[in-house]
Amino acid sequence: MDSHSSHLNAANRSRSSQTPSPSHSASASVTSSLHKRKLAATTAANAAASEDHAPPSSSFPPSSFSADTRDGALTSNDELESISARGADTDSDPDESEDIVVDDDEDEFAPEQDQDSSIRTFTAARLDSSSGVNGSSRNTKLKTESSTVKLESSDGGKDGGSSVVGTGVSGTVGGSSISGLVPKDESVKVLAENFQTSGAYIAREEALKREEQAGRLKFVCYSNDSIDEHMMCLIGLKNIFARQLPNMPKEYIVRLLMDRKHKSVMVLRGNLVVGGITYRPYHSQKFGEIAFCAITADEQVKGYGTRLMNHLKQHARDVDGLTHFLTYADNNAVGYFVKQGFTKEIYLEKDVWHGFIKDYDGGLLMECKIDPKLPYTDLSSMIRQQRKAIDERIRELSNCQNVYPKIEFLKNEAGIPRKIIKVEEIRGLREAGWTPDQWGHTRFKLFNGSADMVTNQKQLNALMRALLKTMQDHADAWPFKEPVDSRDVPDYYDIIKDPIDLKVIAKRVESEQYYVTLDMFVADARRMFNNCRTYNSPDTIYYKCATRLETHFHSKVQAGLQSGAKSQ
C-alpha cells in the first residue's frame, strides 16, 4: 500500500534497541530538526510506491500500544505551535510553513493538486485567523484547538486485520481549563452510582453513552476530503500522534493520516479532539489495518479508549464491510491487543492479506475478528440484559438473594469461641442445602464413619493430643514452645502477620471446641513451620529445626491415620 511505502530511508531498528516511550510507540526515531524533515521529504519524492500493495518490508519497526497506555502523555498542536512561532518571528509566508509539515503529502500526491492547495489554504487561513480570537495569542489558540488524543488499553480492536504502522495509545493533557466543558465531577458521580452493581466496564460505557446522548461527546469518522472542519480535526489528531509517538517521523505520520485511503475515527468533546484511531480499510479483502491510536493523558482510564475502539469496530463492520483487523505489535503492545480481542494466531487466510500489509522485523502479527452481530456501541445494555436473565434464573433455583441477620460470635485470646454455636442454628444454612452429615467434613479419613458425631469428635481430640505431645517432646521443638517476644525480635510481627506457636495450639486442643477437623489442626502446625522459614534464612538453626520437626510431625500424622484405619 502506498501509505506504507518506505519513502523515508531510515535505518532498520530492532525493538530491543529502542527506548520504551509512554506513547506505546516502537517506531523509528523522530527527525527533530526542520532541515531533516525537508531532507526526508525530498528523499521520499524519489521513492516508488505501489498503489495497492505494500513493499516487502518496512524501514520502520512496528509501532505498538504499550502496557503503560493509561499513563502515557500525548500533547497536541506541537507542530502547529512551531509553525505559529516561526510565523511570528519571521516574514515567511504561511504557505511555506505548511509545506514543511505536509512535504511528504505533496510529493506523494503530486497529481492531486486540489488536495495540496486545500491543505495549504486551510492551514494558512487557520493560522491567520487564530491570533485574533478572544485576544489570545496564536500559540494559545492553536493549543486549544488541537488538544491531544489518548487511547486506553482497556478495550480494543476487534475490528480487523492489518499491520500497525504507528499505533500508539496515550495522550497529552490538553485544554483542561477550556470553558464550556462539563465538570469531571458529574462523570465521577455517574461511575460511582453504577460501579457496584454493574461492574467497571458497564459503568464507564454507560457514563460515556450518556455524554454522547447529551451531546457532550461525539464520535466521527473523517478522512482527507478537503473539508475545513475535517482537516482541522485531522491536524489536531496528527499532533497527538506526533507527540504520542516520539520515535515516529512526523512526516510519516502526516503521510498516512492525510492519505485519502486512510480513515480516522475520532472522539470529540465539544470542538476538542480527545482521541482517535487511524486505519486503512481494504474493502476488496474485507480487512483493515490500524495505523495509529492515541488518547489524551487527562482523559485516560475513563473508558474513552474502549468506547473509541467499539465505535471503530461498528463503523468498520457496518460502513466498510470489514470482518477482520490485523496489526503488528511489539512486546509492549501484545498485552494491550490481547485485551482488545486480538490473538497471536492468524486465522485469516494468508492469501487474503499477504502483500497488502507491510512486514516488520521484530513485530508480532496479531489478528482480531469483528463479530457480525455484536452491538459494539451498545454492549453495556446487552451485558446488563444478559446479567439480569442469569440472575432471574439463579433465583428460580436458589434462595441466595435472602440475607439473614448476623450471629454473635465472641472469641477468647486463642481464637476459642466463648459460646458454642450449633451449626444447625445458623439461619439459612439448611435452606441452602446443608445436612447434618456434612458437619466436620475433612479430607482425612479418620475413624468409623458409622459412629456418631460425638464419638468421632472424642477420637479426633485424642489423636490431636497425641500429635501435639509428640511435637512438644521433640528435640527441635524448643523454638516453637512460646510466642516470639517482640522485645527480642522487634520486626518479627511486621513480617509475620499471622503468628502461631505450640502454646496457642495446645490451648485450642484443650478447649475441644476449636479444631472440629484434623485439617484445621494440621493447617495450624504447617503455618507455624512456614512462619519460621519465612522469617529465618536457611542457614539458621531455627530454619533447620522447623524442617526437621515438620518431617517428624507429618510422619506421626500418617501413622495415626493408618492405626485408626486398622482399628476399624
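Keep in mind that glycine also has a Cβ here, set from the backbone N, Cα and C atoms.
These features come from Swiss-Prot:
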type: ACT_SITE; residues: GLU289; note: active site, proton donor/acceptor
type: COMPBIAS; residues: 90-115; note: compositional bias 'Acidic residues'
type: DOMAIN; residues: 222-371; note: domain 'N-acetyltransferase'
type: REGION; residues: 1-167; note: region 'Disordered'
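Under the DSSP three-state reduction, GLU289 (active site, proton donor/acceptor) is assigned to strand. Here the domain 'N-acetyltransferase' (222-371) returns a mean pLDDT of 88 for the predicted model.
Remark: secondary structure over the domain 'N-acetyltransferase' (222-371) totals 56 helix, 43 strand, 51 coil, with classes taken from DSSP.
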